[in-house]
Amino acid sequence: MMRLSRNLRRCRWLVFTGWLLALVPAVYLAMTQSGNLTGGGFEVAGSQSLLVHDQLDAHYPDRGAPALALVAAPRPDASYQDIDNAVALLRQIASELPGVTEAPNPTQRPPQPDRPYVVSLRLDARNAGTSDVAKKLRDRIGVKGDQSGQTANGKVRLYVIGQGALSAAAAANTKHDIANAERWNLPIILMVLVAVFGSLAAAAIPLALAVCTVVITMGLVFVLSMHTTMSVFVTSTVSMFGIALAVDYSLFILMRYREELRCGRRPPDAVDAAMATSGLAVVLSGMTVIASLTGIYLINTPALRSMATGAILAVAVAMLTSATLTPAVLATFARAAAKRSALVHWSRRPASTQSWFWSRWVGWVMRRPWITALAASTVLLVMAAPATLMVLGNSLLRQFDSSHEIRTGAAAAAQALGPGALGPVQVLVRFDAGGASAPEHSQTIAAIRHRIAQAPNVVSVAPPRFADDNGSALLSAVLSVDPEDLGARDTITWMRTQLPRVAGAAQVDVGGPTALIKDFDDRVSATQPLVLVFVAVIAFLMLLISIRSVFLAFKGVLMTLLSVAAAYGSLVMVFQWGWARGLGFPALHSIDSTVPPLVLAMTFGLSMDYEIFLLTRIRERFLQTGQTRDAVAYGVRTSARTITSAALIMIAVFCGFAFAGMPLVAEIGVACAVAIAVDATVVRLVLVPALMAMFDRWNWWLPRWLAHILPSVDFDRPLPKVDLGDVVVIPDDFAAAIPPSADVRMVLKSAAKLKRLAPDAICVTDPLAFTGCGCDGKALDQVQLAYRNGIARAISWGQRPVHPVTVWRKRLAVALDALQTTTWECGGVQTHRAGPGYRRRSPVETTNVALPTGDRLQIPTGAETLRFKGYLIMSRNSSHDYADFADLVDTMAPETAAAVLAGMDRYYSCQAPGRQWMATQLVGRLADPQPSDLGDQSPGADAQAKWEEVRRRCLSVAVAMLEEAR
């Protein structure tokens with residue numbers, strides 16, 4: 001990964017160009033090809049319903065339920081003339097579309113003002129897709145969003161119903177839902193990212209990658225939709241996964257990049273190190289999610305297959321953007337991605353202090369592992385218990401609100417023709433030798449028809465119709481219940497059990513809309529255990545390769561199963577039991593049958609993100625120390641904040657779709673949000689450390705023969721050590737405020753100016769590098785201890801420690817002031833007119849420091865800053881210099897300042913002959929400060945008190961210098 005990262009950094013403009021070239025056609029496809037998505041795709045290969053459907057298409061061109069229908073629903077004040085005009089208008093609109101004809105319906109009564117009227121339509125071969133025709137019809141009758149069309153006088157409402165209309169309405173709804181969800185998601189994600197990174201520039205990087213991921217994936221989906229069945233719900237899946245994973249993956253890498261910068265690495269090296277660790281974890285996690293989602297293909301239905309394909313594409317593109325675009329972006333905007341802004345850093349407590357909370361937390365958990373593990377497991381099992389009462393169903397119509405025009409149109413058609421008229425049960429009777437209409441088969445067909453009439457919920461059975469090849473007979477039964485009602489499914493089950501008993505040698509297949517849905521649900525229920533086993537095995541193998549531990553891989557799979565079970569339980573509580581009705585979630589009789597397998601594969605894959613990210617961090621530490629408890633504490637301490645932030649983002653994304661989406665999307669959103677929340681908290685932060693503390697060395701058990709078989713990953717190779725040399729690095733646990741961006745900018749500018757003014761400066765070790773970061777004379781370690789113990793909340797803002805960058809800015813300001821007050825070249829000097837002439841005898845002493853942005857630069861040492869300020873006192877004798885000097889010595893012991901200033905004569909000498917040594921003169925100035933501008937100060941009592949404090953501090957240093965001279 002490090003080699004790949006280096007290549008991507010070098011060729012970053014080529015990387016940007018490649019992704020830009022992928023974006024352009026994706027945007028075009030999104031604008032032109034979205035109409036290819038369908039609301040169907042629930043056919044099951046080899047099922048009776050699909051066989052009947054195919055036979056009807058092949059041999060019964062004029063039979064079956066109408067593809068589309070137009071409905072005129074009169075209002076109470078409508079007249080005969082109004083309904084007649086409305087029906088005539090619908091027939092005229094239908095006749096204007098090529099390939100659309102009216103299908104006669106013998107059960108339809110003449111138009112009446114107290115009853116809706118249905119105009120059934122058929123489409124010929126020129127209209128392969130009913131969705132496009134439905135869109136045209138909806139536009140022509142005036143359907144707007146979820147509102148029906150109406151006649152000119154508004155007395156008759158107009159609707160389009162049928163499978164094509166459902167697809168068109170679902171496509172419009174999902175587009176609207178995605179827009180609503182993103183209006184909710186993006187601001188929340190931005191707020192979380194700004195809180196995490198403390199910088200709008202850094203927060204913009206994951207959002208930009210998320211947008212790129214979603215747009216490109218949508219383009220790929222629309223390309224596939226031109227060649228295969230793609231469900232309308234795939235767009236919601238792509239948007240959910242694309243945003244959540246792209247943001248999460250880039251967040252992992254950016255957080256590690258900043259951590260490597262804090263360790264002292266230069267920005268290019270920090271990028272490579274982040275990619276070799278978090279970048280590799282992202283790739284492994286993405287591959288695990290993709291492998292888990294392939295389990296959906298075992299169900300082998302077009303709808304689920306298309307949704308899995310969309311999710312897989314979203315994961316793959318998110319993984320690729322994170323692994324390729326992130327290094328290129330960091331190479332281009334390294335400083336912007338690294339720095340934090342005090343303006344958007346909302347908490348006064350620094351981010352680094354959070355690790356101490358997690359350190360104490362994991363220590364508390366590991367000291368009582370049995371209790372915490374038992375408590376966490378109990379919570380998960382209680383959450384999972386309602387899953388045993390889950391009822392599965394499937395209804396595209398019920399994905400719409402009850403007031404939606406597609407629902408009210410279907411209700412009007414049911415009122416006109418009966419609830420089961422638009423979805424009759426279709427019984428196909430086949431004879432091996434053909435001749436279905438032959439007299440010898442009439443008795444068999446009559447017996448089957450008689451038996452159908454005895455089935456529950458059957459209202460009428462139409463006379464048999466024969467295939468154009470005379471190989472089969474079709475019997476249509478109209479039910480008294482809606483085709484999507486659970487009672488209709490009972491009828492299908494009864495027919496499939498009873499009809500073969502009276503069919504003799506004939507083959508009986510039961511189809512129709514209800515049978516189609518039932519076959520789909522049965523296939524999902526039958527194959528879900530297989531999907532579970534497949535996904536669990538894939539996850540186990542990926543964890544085994546990543547972590548090289550049998551126990552940890554098994555534990556990871558088991559913990560994820562608990563998270564999935566808790567998510568299933570939440571579905572029952574929220575939707576079946578209606579506990580969240582107050583939040584706007586509808587109470588449903590059943591959970592959509594597509595949701596459990598999708599949630600299983602999705603959450604299994606997503607949970608592996610945190611499992612791999614946490615355990616690889618623990619393993620990385622274990623390889624260095626060999627101590628399990630230390631490795632667990634370190635892994636949780638360094639990754640808990642990242643995991644929590646990533647989980648918050650993912651939960652926000654899923655909740656956005658849950659609140660804005662159709663019931664199927666809402667169910668997926670709720671389940672995934674609960675699974676991620678449980679996994680990132682109860683599992684990763686309680687069960688993982690507790691179980692690892694229980695099993696200690698067994699955590700790393702791996703048979704020798706298996707170790708030789710497993711492929712090696714880069715986690716086993718330690719990162720190159722940071723070559724700091726004499727560079728001063730800000731401690732990772734430094735308890736200080738975030739440096740203001742202005743300070744960072746000024747330090748960079750001032751350091752560059754210092755290099756020009758003092759080109760012969762030398763670098764030395766600076767024991768006073770962090771002097772001034774503590775307040776009121778506190779040592780740095782005391783201030784750190786206060787923060788670690790939580791005392792910092794009681795410290796006023798004025799007493800809080802100062803960030804080293806702010807201190808270094810002040811040092812550079814003093815140095816530039818002194819260097820611009822006088823200049824020297826080869827011993828030459830230009831003296832200030834207000835004071836005696838002094839000559840610099842030795843080069844300026846500086847030290848190398850590393851900023852949080854990764855920049856390395858030279859600043860004056862703490863001792864040199866004191867000498868510069870002493871020089872300014874002697875040169876200008878201003879009250880401002882005395883006050884600055886007092887502030888400098890206030891951060892250290894007077895003896896320390898005296899030891900530095902006592903050696904002034906090695907750095908400066910007096911130009912005038914016969915003058916005293918500079919250190920001796922400085923003692924006199926400090927013992928009795930008499931600045932030349934003392935009369936210009938404010939005469940107030942506060943100013944006088946402050947000046948007396950300055951005199952006291954200067955005197956303490958003068959006394960210490962005299963003591964030093966003894």
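Note: Cβ is positioned from N, Cα and C throughout, glycine not excepted.
The annotation transmembrane segment is assigned in Swiss-Prot to 13-33 (among others) on the grounds of sequence analysis.
Per Swiss-Prot, transmembrane segment is recorded for 188-208 (among others).
The transmembrane segment annotation in Swiss-Prot covers 214-234 (among others). Nonlocal intrachain contacts for the transmembrane segment (214-234), taken as residues 6+ away from its ends with a CB within less than 8 angstroms of a stretch CB, comprise 19, 22-23, 25-30, 33-34, 36-41, 167, 170-171, 174, 242-243, 246, 302-303, 305-307, 309-310, 313-314, 317, 662, 664-665.
Feature annotation from Swiss-Prot assigns transmembrane segment to 235-255 (among others); the stated evidence is sequence analysis.
Swiss-Prot lists 279-299 (among others) with the feature transmembrane segment.
Positions annotated as transmembrane segment by Swiss-Prot, on the basis of sequence analysis: 311-331 (among others).
According to Swiss-Prot, the transmembrane segment annotation covers 373-393 (among others). Long-range neighbours of the transmembrane segment (373-393) within the same chain, counting only residues 6 or more positions beyond its ends whose Cβ lies under 8 Å from a Cβ of the stretch, are 484, 486, 521, 524-525, 562-563, 565-566, 568-573, 576-577, 589-593, 596, 674, 678, 682-683, 686-687, 690-691, 694.
The transmembrane segment feature in Swiss-Prot is assigned to 527-547 (among others).
If one looks beyond the transmembrane segment (557-577) by at least 6 residues along the same chain, the residues whose Cβ comes under 8 Å of a Cβ in the stretch are 377, 380-381, 383-387, 389-391, 536, 539-540, 543, 585-591, 595-596, 599-600, 603-604, 607-608, 611, 663, 666-667, 670-672, 674-675, 678-679, 683, 687-688. The annotation transmembrane segment is assigned in Swiss-Prot to 557-577 (among others).
The transmembrane segment annotation in Swiss-Prot covers 595-615 (among others) and rests on sequence analysis.
Remote same-chain residues near the transmembrane segment (646-666) are listed as 170, 173-174, 177-178, 180-182, 184-185, 188-189, 192-193, 233, 236, 239-240, 243-244, 247-248, 251-252, 398-400, 575, 583-586, 588, 592, 594-595, 606, 609-610, 672-673, 676-677, 679-681 (criterion: CB distance under 8 Å, separation of at least six residues from the stretch ends). If you look up Swiss-Prot, you'll see 646-666 (among others) marked as transmembrane segment, on the strength of sequence analysis.
Sequence-remote contacts of a segment are chain residues at least 6 beyond its ends whose Cβ falls under 8 Å from one of its Cβ atoms, and for the transmembrane segment (668-688) they are 236-237, 240, 358, 361-362, 365, 372-373, 375-377, 379-380, 383, 555, 559-560, 562-564, 566-568, 570-571, 574-575, 580, 585, 595, 598-599, 602-603, 606-607, 610-611, 614-615, 632, 636, 640, 643-644, 646-647, 650-651, 654-659, 661. As annotated by Swiss-Prot, transmembrane segment applies to 668-688 (among others), with the evidence given as sequence analysis.
Counting Cβ pairs closer than 8 Å and at least 6 residues apart in sequence, the transmembrane segment (279-299) and the transmembrane segment (527-547) reach three or more and so form a contact. For the transmembrane segment (527-547), same-chain residues at least 6 beyond its ends with a Cβ under 8 Å from one of its own Cβ atoms are 281, 284, 287-288, 291-292, 294-296, 298-300, 553-554, 556-557, 560-561, 596-597, 600-601, 604-605, 608, 611-612, 615-616, 619, 710-711, 713, 715. Same-chain residues lying 6+ beyond the ends of the transmembrane segment (595-615) with a Cβ under 8 Å from its Cβ atoms: 237, 241, 244-245, 248, 252, 278, 281, 284-285, 288-293, 295-296, 299, 304, 307-308, 311, 315, 390, 392, 524, 527-528, 531-532, 535-536, 539, 542-543, 546-547, 552, 556, 559-560, 563-564, 567-568, 571, 635-636, 639, 642-643, 646-647, 650, 664, 667-668, 671-672, 675-676, 679-680, 683-684, 688.
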